[in-house]
Each structure stands twice: as C-alpha cells, then as structure tokens.
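**Q** Starting off with a structure, shown below.
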Amino acid sequence: MTSVIATSEGTGQQVEKTNLLGLPLPALEQFFLDIGEKKFRAVQVMKWMHHHGVTDFEEMTNLGKALREKLAGCAQIRPPEIVSQHDSNDGTRKWAIRVDGGGLVETVLIPDGNRATLCVSSQVGCSLDCSFCSTGKQGFMRDLSAAEIIGQVWLAIDSYDAFQTSNSRVVTNVVMMGMGEPLLNFDNVVASMDLMMEDNAYGISKRRVTLSTSGVVPALDALAQVSEASLAVSLHAPNDALRNELVPINKKYPISVLLESARNYIDAQSDKKRVVTIEYTLIAGVNDQREHAHELAELLKDFPCKINLIPFNTFDQSDYQRPSGNAVSRFWQVLVDAGYIVTVRTTRGDDIDAACGQLVGQVVDRTRRSERYRQAAEQNNDQAAGQAT
Ligand code: SAH
Ligand code: SF4
C-alpha cells in the first residue's frame, strides 16, 4: 500500500499525501493547478480512478512519466480497507470496512432485478441516538472522509471485478442509509454524492442517489442550495410526542418544521416531479397501530411523498419487537386506501445479518474483545517488564 507520509524535498519535513479519491472535479482541478499542472489532467485522473478502478499512477498511460512520478510523490489514491465480506444466499453482499483511525463501518449491496442498491455509511457511529437504531447505541466516533464515503462505491464495484469489464453498472442506485447521519457530515457527504452523480466518475442519475436524514433541518435547508440528490426523511411517528421518544432530534426540529424544510428541498429542484420518500420503521405496539396509520395519512395529506415502511430489525441491546406480517399489512392498507404509494422494505440478506447495523455490531464486539486481549497482553508485558527491572 502507498505510504501516507511523504518527505517534502530539501526540508526533510513530513507532509501528508493528498488522497485524490474523494475530490470532486472542481477540487481535483484545483489540486492540479496547485501543483503547477494543467486543469484537464483532473478529468483524466478522475476517469482512471472511478471508471477504471486504477489506484497506481504508473498505470495511467496517458500521463507522462514526469507527471506520474510527481503525483506519486505528493498524492495517493487510497480506498478504505475491507475487513470482511459476506455473501447472502439471496445475492446481498455486505462488507465491514476499516477506516483511518481504526473505526469500522458497513456497506451493503442489494441486487434486485436490473437494479442494485448500495447502502453507504457516512459516519462511524451516530450522535443522534434514535431509540430503535443499533448505530445510535454505539455513540458517535467520527465523520468519514469523502474518500472513505466514495471509497465504498469504489470497493463494491472492485469486489465484482467490474472496473475491468467496464461494468460499473454493478451499482445502479446509492442510498445514504448505512451508519451515521449524513447531514451531520455535510461537506464530505455532498462531495461524495457529487462524485456519484459526476459523469467522469460514477454517472449515477440524481434520482438514484438518495440522502436519508432523521431531520437536521438547518443542514437540509443548506443542502437545497448545493445538491440535487433525492431525499428520504426518517419520520417513524405521526405526531411529535411519539417522535420525540423515537427520534430525539425531533425535540429540536419538530415534524412541522422538518416537513416544511423537506418540501422546500424538493421545490428547489429543477425536476418538478420529485417527491420525498418518507421512511417509517414499524415497531410492534409502539407506532404500528391502526390509529397511527390514520394519523400518518392525515399528517401527510397534500405532502408530495411516497412512503416506505421498514419492519423493525431486532438487535441485542433493544427490547423493541418486529411487528407481525398482519400488523404490517394492516398499516400498509390504511395508507394505500388513503391514496398513498406505499412500499414495504423486505428484509434481505437475513442469513448474513445484513439488516441495519448488525454486521458491524458483531465486528465491533469482536474488536472490543480483541482490544481487551491487547490491553491485557500489554498489561502482562508491562508487569513482566516491571518484574525484570
Ligand atoms: N441517519 C439517517 C440514515 C441512516 S439510518 C437516518 O436516520 O435517516 C437508515 C434508515 O434505517 C433510517 O430510516 C433508520 O431509521 C432505519 N433504521 C435504523 N435502525 C433500524 C432498525 N433497527 N430497524 C429498522 N430500521 C432501522
Ligand atoms: Fe443516527 Fe439514523 Fe440511527 Fe438515528 S436512525 S441514530 S439518525 S443512524
């Protein structure tokens, strides 16, 4: 692997090599100008990275030798490291990925007919602590860099050798629905979504790149100025009293404020036919009753949306239960009768625990365990060293 640290000529001073993987086109162009090169080099290098999956400057045959050497001295193309990969019987593939500093995140690819949706993480953990979310239970560790976010798309395509066959259609859709709250890592998420939609990178249509938020309203207002990605709002409750319990950020930005911001977001888009996806995790006995469905139908009356129902995925530290199939159908029917377009997210990759947050939960546990072993071993060494002196 390319080393992260370079020694700047003459001074002996150590400088960090710029990871080019996460730079959107204007930033990559600026990088080339800054190192005294022509702007058009940015498109060439961007295509090598994101169309061909090349990470070694030596393989970039349309760059002269001098430029390749210069780049090797000051830059790198470094995707995050895969810790484990799991394939489900139903075709779902899930990766645990180690990012700089040792945190772990997950990425899931869910093929479905002609489509394949990649579920991408934006943070290690999450600070918002929604009551039903295993990522929230881990607390917040850190934001992912843009290279680590777009690197998940890169890794998914690379793992099918699809760069080599020029078949980057391995990923047709991306949803920012892995670990973390994307709007709390605004700049890096916007930069990586730009790369997803950029023709010289992945060229995925703006309708097929979706940001999901639990409702960080000021950031959503700001997003409307800079992004054309599709929007999903994690609502989960039809009234503020219940939503305050499930999604604590609701106390700061209640439902009416959130829905208004979401409406402004789609109003700001040039494509006027767009709607917001309302996500609603159904939790048995908590928010899945007939009256909740009626209240939701009333709340969203006149709001341009479709509704995605997600039966709760159970995990160890939670007492919540997944509702029965009947309860889900009953909820669905009320909304359909009220005229909504409603989908129910089927659980995929059950045999590899590909449901929200679970694989990482296991890996984190294992890492914690090995961390304990490491500490215990160090303690033993210290004691041994102490005894020796
Ligand atoms: N932070 C963002 C995106 C990541 S969560 C958000 O909250 O929207 C992606 C989706 O999975 C959200 O709708 C979230 O509410 C849902 N989710 C989280 N934990 C879940 C669980 N245990 N069961 C079902 N859905 C869950
Ligand atoms: Fe964070 Fe989203 Fe989980 Fe809430 S549901 S804790 S916002 S990742």
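Heads up, the Cβ atoms here are built off N, Cα and C, so glycines get one too.
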**Q** GLY180, GLU181, SER234, LEU235, HIS236, ASN313 bind S-adenosyl-L-methionine according to TrEMBL; which of SER205, SER212, SER261, SER270 goes with them?
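**A** Answer per TrEMBL: SER212.
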**Q** If I take the alpha carbons of CYS130 ([4Fe-4S] cluster binding site) and LEU235 (S-adenosyl-L-methionine binding site), what is the distance between them in whole Å?
**A** 11
**Q** Spatially, and counting Cα to Cα, which of the recorded positions is closest to GLU106 (active site, proton acceptor)? Options: CYS119, LEU235, HIS236.
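**A** The answer is CYS119.
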**Q** Given CYS119 (disulfide bond) and LEU235 (S-adenosyl-L-methionine binding site), what distance in Å do their CA atoms have, once rounded to a whole number?
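**A** Between the alpha carbons of CYS119 (disulfide bond) and LEU235 (S-adenosyl-L-methionine binding site) there are 19 Å.
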**Q** Find, among the binding-site residues listed as SER212, SER234, ASN313, the one whose Cβ has the highest number of other Cβ atoms within 10 Å in the structure shown.
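**A** Per the Cβ count within 10 Å, the most buried is SER234.
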**Q** Listed binding-site residues are GLY180, GLU181, SER212, SER234, HIS236; which of them have CA atoms within 10 A of the CA of CYS126 ([4Fe-4S] cluster binding site)?
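**A** Close binding-site residues: GLY180, GLU181.
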**Q** How far is it from LEU235 (S-adenosyl-L-methionine binding site) to CYS133 ([4Fe-4S] cluster binding site), counting Cα to Cα, in Å?
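**A** Given the Cα positions, LEU235 (S-adenosyl-L-methionine binding site) is 13 Å from CYS133 ([4Fe-4S] cluster binding site).
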